[in-house]
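Below: the structure, in structure tokens.
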Amino acid sequence: MLGPSRPPARSPCEIMPISEEHCMSDAYEALTANLAAADPEIERLIEAEGRRESEKIRLIASENYVSQAVMEATGSILTNKYSEGYAGKRYYEGQQFIDPIEQLAVDRAKELFGADHANVQPYSGSPANLAVYLAFLNPGDTVLGMALDMGGHLTHGHAVSATGKWFNNPRYGVRKDTGLIDLDEVAEIARKERPKLIICGGTAIPRTIDFAGFKAIADEVGAVLMADIAHIAGLVAGGAHPTPVGHADVVTTTTHKTLRGPRGAMILANEEHAKAIDKAVFPGLQGGPHNHTTAAIAVALREAAKASFKDYAAQIVKNAKALAAALAERGFDLVSGGTDNHLILADLTSKGIGGKPAAKALDIAGIELNFNTVPFDTRKPFDPSGLRLGTAAVTTRGMGEGDMDAIAGWIDRAVGAAKDGKDAELEVIAGEIREYTKAFPIPGWRA
Ligand SMILES: *Cc1c(COP(=O)(O)O)cnc(C)c1O
């Protein structure tokens, strides 16, 4: 069977809002020339990963493709420097150039999100969240977050996480009939449990988060409100999701998901909490900041402030809605019935296959995503009923709504083939996708 025909190829420069000098076709060779000689084993594996990222349709909702410029900053000599402290108040000499780099990242974060204060030093999303706990709580205090199996994150109080072991964690979820967060239920739990901190945001929430509604509950019970926008930060920056700034007291985010920066994190806060947040990150939780990451965050924030990033954010949502509609048309059961953002959660129960075997089959077929629990899942977390899909990465490659229909078709064929044990069909699909993706080159990889 012939798959959808391949659209004409475009250069990465047409797709990413990056400058001309970063569009060299030999970019991959430039980044790895010395590595190939110094450590051929690692270089070969990086090359293989580059090919994999180029030949597959990547739908993992937390992943993306960063620009060549972000990669160059990440791979720069800034990794050589120790800079404990903050700009102007360091514990090591030689900060003449690190200080302005970090200041640029901070200023751009404040400007982009309209926040009073920004800390760009957290090593990643999980340490950023832990820093907020450290800033506001003592061990044993009560934190109200969203349950992991309902769409929250490990660091929102799951039992195996430090946040679950060291704090008291009542949790909220979604309604069984709608798949949506019920703020009346959240308010009821908050009144009973009197948390010091309330967390909104998560890893598998396909719908708009009502930050004002959460703030009203936090105010009623005297709690600090933290919005964890790790997944949707790029949508917020690009105006495709309402902002928590102005509602939440503290906002945490990773920088590498829809925001399309390096692996890292930021904490945004009101002026009144600025000192507490900075002290919690350093010296409370971390030592020296990763200056190469800080520089790359600054680069990503500059990209995210461009008009083209607004178009990108809007296109992510259009693509997610198109993919959701195309999946629903093919009989996929979507949690909450669809999506408002970049993320789709599909319940495969009606398809007669578990999430894990489906995800493994899709990976063979060239479509990368993750198995995920769905709310009120009757199966176990390591073998749940759902699949989580996101459109941030495919949108970066320049794919549009038409491509989403093709993707839904492949997903449907692959899930059907997996259910019927037709392994050869998975290879056929992988071949079609290898051809198709050639039209969508990725930064940092030769076409
Ligand atoms: C990804 C994510 C995190 C954690 O980020 P890491 O960088 O993986 O530590 C935290 N919270 C939410 C909601 C996330 O989606």
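Cβ atoms here come from the backbone N, Cα and C positions, even for glycine.
Taken straight from TrEMBL:
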- L148, G152, H153, L154, E271: (6S)-5,6,7,8-tetrahydrofolate binding site (BINDING)
- 36-411: domain 'Serine hydroxymethyltransferase-like' (DOMAIN)
- K257: N6-(pyridoxal phosphate)lysine (MOD_RES)
- H256: site 'Plays an important role in substrate specificity' (SITE)
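Checking the recorded positions L148, G152, H153, L154, H256, E271 against ligand 1 with a 6 Å cutoff on the Cβ atom leaves H153, in sequence order. Pairwise Cα distances among L148, G152, H153, L154, E271, the recorded (6S)-5,6,7,8-tetrahydrofolate-binding residues, top out at 30 Å. Cβ neighbour count for G152 ((6S)-5,6,7,8-tetrahydrofolate binding site): 24 (other Cβ atoms within 10 Å of its Cβ, all protein chains included).
Remark: H256 (site 'Plays an important role in substrate specificity') has S62, N64, V66, P262, R263, G264 as non-local neighbours, by Cβ distance under 8 Å and separation of at least 6 in sequence. Ranked by how many other Cβ atoms sit within 10 Å of their Cβ, the binding-site residues L148, L154 place L154 at the bottom. E271 ((6S)-5,6,7,8-tetrahydrofolate binding site) falls within a helical segment according to DSSP. Each of the recorded positions H153, K257, E271 was scored by the number of other CB atoms within 10 Å of its CB, and the largest score is that of K257. Summed and averaged per residue, pLDDT over the domain 'Serine hydroxymethyltransferase-like' (36-411) gives 97.
Of the recorded residues, G152 ((6S)-5,6,7,8-tetrahydrofolate binding site) and K257 (N6-(pyridoxal phosphate)lysine) place their C-alpha atoms 16 Å from one another.
Cα to Cα, L148 ((6S)-5,6,7,8-tetrahydrofolate binding site) and the residue listed as 'N6-(pyridoxal phosphate)lysine' are separated by 18 Å.
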